[in-house]
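For reference, the structure is listed below as structure tokens.
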């Protein structure tokens with residue numbers, strides 16, 4: 001700036017009448033450069049995000065880049081832990097191997113709970129067959145099927161040793177949105193009535209999914225959440241947290257580290273009961289106020305996991321579907337058939353769903 005002032009003083013010292021056109025152009029050019037430089041410096045100071053951003057894998061996705069993908073940035077990595085020190089689980093990592101070795105010395109009982117209502121009954125047999133192959137093989141597992149129609153389970157699916165299935169009747173809940181308002185209450189009731197005394201860990205999964213690779217003891221922890229595959233690596237301001245300040249699920253702009261999917265989550269029975277009860281109370285409060293959160297059950301789950309950070313975070317390997325935004329991961333372990341269909345166009349959906 002001082003150089004600019006000196007030049008301008010020199011150019012104008014003989015008075016404005018004697019200023020040549022070249023001198024005037026030179027001064028304007030230098031002034032433009034200085035303004036541009038100062039503006040660029042301020043912009044550079046603003047690009048550092050307030051929240052840590054994690055990216056999936058250092059590889060080209062090999063497809064057309066969309067506006068949302070640009071937000072993910074070029075740098076990518078597979079972090080081994082969260083900012084608060086909880087493990088971020090990749091199934092083939094050394095940490096996962098050591099975790100499996102640790103749990104191999106313990107006797108554990110694990111529950112896997114699904115809701116099977118209405119048209120979702122068509123998914124249950126595929127879900128169970130895949131779980132028998134890949135979900136905690138060799139462990140004691142109880143499948144809890146909360147359903148309004150047990151007929152799709154007849155004849156019963158053949159289960160392996162130390163695996164059993166328990167059908168829990170629930171009143172018919174027409175419409176997925178209505179079920180979303182009741183799932184947390186039903187989960188809490190099921191834990192309180194029987195699951196609490198029968199298992200050590202309980203996982204809740206959407207039934208329109210399929211296990212396609214081993215899911216072992218690396219997933220076990222007190223409170224376990226799974227990263228949403230389309231939002232993994234995105235900046236915080238891209239997360240679809242609830243933005244209605246009147247909602248019990250509301251998340252302020254300076255809150256939140258990750259966005260979690262409601263497709264698969266779990267943990268120790270006591271912690272899952274706390275989660276279910278807390279979320280059900282938030283849902284009931286909003287329902288009484290005539291408010292519907294934008295992500296339904298998932299909005300309340302994310303609100304809870306901001307206040308009570310998970311002790312174990314599963315990578316998108318454990319909830320994945322093929323879409324333009326889904327992160328590339330080393331292994332697909334649990335595929336969401338329902339969300340896969342949502343990502344298709346009308347023609348694809350007609351033939352594949």
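Each Cβ is built from the backbone N, Cα and C atoms, and glycine gets one as well.
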Residues flagged as transmembrane segment in TrEMBL, choosing from 3-20, 21-38: 21-38
110-129, 130-149, 150-169, 170-189 - the range that TrEMBL marks as transmembrane segment: 110-129
Recorded UDP-N-acetyl-alpha-D-galactosamine binding residues, 115, 116, 117, 120, 206, 207, 208 - maximal Cα separation rounded to whole Å: 11
Near-site residues: UDP-N-acetyl-alpha-D-galactosamine, ref 115, 116, 117, 120, 206, 207, 208, CB cutoff 8 A to centroid: 114, 121, 123, 124
Cβ contacts of residue 208 (UDP-N-acetyl-alpha-D-galactosamine binding site) (under 8 Å, same chain, 6 or more positions away): 120, 123, 127, 336, 337, 338
Rounded Cα separation (Å) that holds between residue 298 (active site, nucleophile) and residue 206 (UDP-N-acetyl-alpha-D-galactosamine binding site): 12
